[in-house]
């Protein structure tokens, strides 16, 4: 199973790139973690936010390979603790489809992305900076994988 993070935003700070890559490289070859960056729409004083969200959403959905499970990151989504995420990871593997996780931009996700989702996941009731979410996602997914394989990374 391949896990694909599809995130709005490019040109992240060096610490984000390094943090994401640190965890991405730890994933096993049979469960690679891939990042697809979607260019954010230009936001300005008179920006049409609804139109920007629509365009970002179209680009995100176009990046999802046909047949993938779509999981959106959204504050009202389901919250999983680490062990519950490990159970979800196992469930996704048994489903037999690759997984695309959608991370929206500053205004969140387009309605079309939410409508296309098989699941919605909430990392936290807090609003997190989008660059940080990439690193947190990579680490959380790696930790969940480590639980499913009895790897010593996760300690209770």
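Cβ atoms are placed via backbone N, Cα and C, with glycine included.
Taken straight from Swiss-Prot:
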{"type": "BINDING", "residues": "73, 104, 123, 124, 125, 126, 127, 128", "note": "S-adenosyl-L-methionine binding site"}
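Projection of Swiss-Prot feature records onto the structure.
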{"residue": "73", "record": "S-adenosyl-L-methionine binding site", "CB count, 10 Å": "24"}
{"residue": "104", "record": "S-adenosyl-L-methionine binding site", "CB count, 10 Å": "25"}
{"residue": "123", "record": "S-adenosyl-L-methionine binding site", "CB count, 10 Å": "18"}
{"residue": "124", "record": "S-adenosyl-L-methionine binding site", "CB count, 10 Å": "10"}
{"residue": "125", "record": "S-adenosyl-L-methionine binding site", "CB count, 10 Å": "8"}
{"residue": "126", "record": "S-adenosyl-L-methionine binding site", "CB count, 10 Å": "7"}
{"residue": "127", "record": "S-adenosyl-L-methionine binding site", "CB count, 10 Å": "9"}
{"residue": "128", "record": "S-adenosyl-L-methionine binding site", "CB count, 10 Å": "13"}
